[in-house]
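Taken verbatim from TrEMBL:
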| type | residues | note |
| --- | --- | --- |
| ACT_SITE | Cys168 | active site |
| ACT_SITE | His247 | active site |
| ACT_SITE | His353 | active site |
| ACT_SITE | His357 | active site |
| ACT_SITE | His386 | active site |
| ACT_SITE | Asn390 | active site |
| DOMAIN | 75-309 | domain 'FAE' |
| DOMAIN | 352-432 | domain 'Beta-ketoacyl-[acyl-carrier-protein] synthase III C-terminal' |
| REGION | 319-339 | region 'Disordered' |
Amino acid sequence: MEKERALLSTEIVNKGIECSGPNAGSPTFSVRVRRKLPDFVTSVNLKYVKLGYHHLINHGIYLVTIPLVVLVLSAEVGLGDETYIPKSVIMSSENASTMKEGRAEASMVMFGALDELFEKTRVRPKDVGILVVNCSLFNPTPSLSAMIINHYKMRGNILSFNLGGMGCSAGIIAVDLARDMLQANPNNYAVVVSTEMVGYNWYPGNDRSMLIPNCFFRMGCSALLLSNRRRDFHRAKYRLEHIVRTHKGADDSSFRAIYQEEDEKRQKGLKISKDIMEIGGDAIKTNITTLGPLVLPLSEQLLFFATLLWTHLFGGRATTSAEKGSSPHPRPSLSPATTKKPYIPDYKLAFEHFCVHAASKHVLDELQKNLGLSSGHVEASRMTLHRFGNTSSSSIWYELSYLEAKEKVKRGDRVWMLSFGSGFKCNSLVWRSLKRIRKPLRNNPWLDCID
């Protein structure tokens with residue numbers, strides 16, 4: 001009580017002469033009681049002052065080092081210094097995720113790709129009967145497909161589709177949908193646009209697990225024309241052979257492997273699971289096992305199924321070196337021994353060219369090793385990752401453009417496109433070249449960096 005009184009001070013205030021009422025003509029006074037200013041030296045705990053400065057210094061160091069960490073990670077995943085990010089991210093990363101900036105980015109990349117497509121193919125926008133657009137993270141209203149229809153004043157009975165939230169493998173899904181629509185609508189053109197809006201989902205926060213996508217996702221867009229008109233057979237470059245799709249979304253860990261959510265400050269971004277390599281490897285294994293019987297020669301299929309039969313009958317155990325030396329006719333042993341590795345078919349016998357989704361350098365290294373590919377087979381993927389970064393669903397088309405710019409595609413060559421992404425999904429697409437592809441003189445993204 002005494003302590004509380006010591007903090008109080010009294011003040012008598014002269015309010016002057018009362019002008020009315022029963023006390024008119026007499027002076028009036030009031031007493032104010034207020035708290036004294038505290039003695040900061042004795043009342044403030046210096047421990048909390050030190051904690052405040054410690055937090056301020058750590059936060060400042062973190063903000064300074066984040067750009068350096070992003071640069072180092074970008075180099076480690078295989079990106080060069082000529083990739084593209086939206087202007088809005090450079091100006092202000094916190095304002096990059098607005099609808100206005102998202103529409104501006106979408107207009108720039110989509111209309112640029114479509115202008116080149118219509119110029120190269122000499123097809124009028126009004127002749128297109130089917131339009132499929134895929135963009136995972138930016139889905140405004142009206143849709144991106146509606147933006148294209150409005151910009152090019154396409155016809156009113158066009159069949160348009162807008163695929164959202166389907167990740168980096170959505171480009172092949174869009175081609176699959178366009179193929180189905182062409183089968184139901186003969187004598188028609190279908191345009192497939194694959195892109196991703198980097199700025200709209202740029203993460204401006206400090207959660208390190210959500211900063212990783214900022215290190216490798218970059219701007220990009222592709223547009224391709226599919227036709228089932230007989231008159232287009234002689235000018236077509238490729239024929240669609242096979243599409244194989246695999247979806248692991250029933251498994252909870254696969255479903256959350258790449259997950260969009262908010263951090264503690266309600267800033268949205270992508271969170272990538274630490275088990276992404278194992279989850280992706282399982283999806284790829286399932287997909288290529290399904291694709292194998294469709295494309296592999298009979299000899300490879302027999303070897304593969306013979307290995308499966310051996311594993312089923314003998315538990316995958318191989319004969320040890322000691323058993324081989326002790327018996328002239330060594331037999332498989334069920335005792336602990338060296339585990340027999342599963343036979344991996346030689347997919348180089350089925351395809352001449354490989355366009356593997358350019359996710360990161362580590363992913364490409366693992367796929368090259370496990371599939372037994374040479375450096376030349378993954379050259380297009382590595383060059384795309386270095387020059388353009390991970391452009392999501394459009395990366396496989398940048399890789400095909402690289403092969404064309406290098407004049408590597410000959411008549412009859414088979415091209416395998418392999419993409420994978422959130423869901424978790426893995427999809428394969430097989431093309432057969434109908435002619436030798438000459439180096440284009442214009443409208444190719446690689447002309448400025450390939451001699």
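Placement of Cβ uses the backbone N, Cα and C atoms for every residue, glycine included.
Annotated features taken from TrEMBL, shown on the structure.
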residue: Cys168; record: active site; Cβ within 10 Å: 28
residue: His247; record: active site; Cβ within 10 Å: 16
residue: His353; record: active site; Cβ within 10 Å: 21
residue: His357; record: active site; Cβ within 10 Å: 30
residue: His386; record: active site; Cβ within 10 Å: 17
residue: Asn390; record: active site; Cβ within 10 Å: 26
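Note on the domain 'Beta-ketoacyl-[acyl-carrier-protein] synthase III C-terminal' (352-432): its mean pLDDT in the predicted model is 94. Rounded to a whole number, the C-alpha distance linking Asn390 (active site) with Cys168 (active site) is 9 angstrom. Counting only the Cα atoms, the space from His247 (active site) to His357 (active site) is about 17 angstrom.
Here Cys168 (active site) is compared against the active-site residues His353, His357, His386, and the shortest C-alpha distance is to His357. For the pair formed by His353 (active site) and His386 (active site), distance between Cα atoms is given as 19 Å, rounded to the nearest Å. When the Cα atoms are compared, His386 (active site) and His357 (active site) turn out to be 13 Å apart. Sorting the domain 'Beta-ketoacyl-[acyl-carrier-protein] synthase III C-terminal' (352-432) by DSSP state (H, G, I as helix; E, B as strand; all else coil) yields 35 helix, 21 strand, 25 coil.
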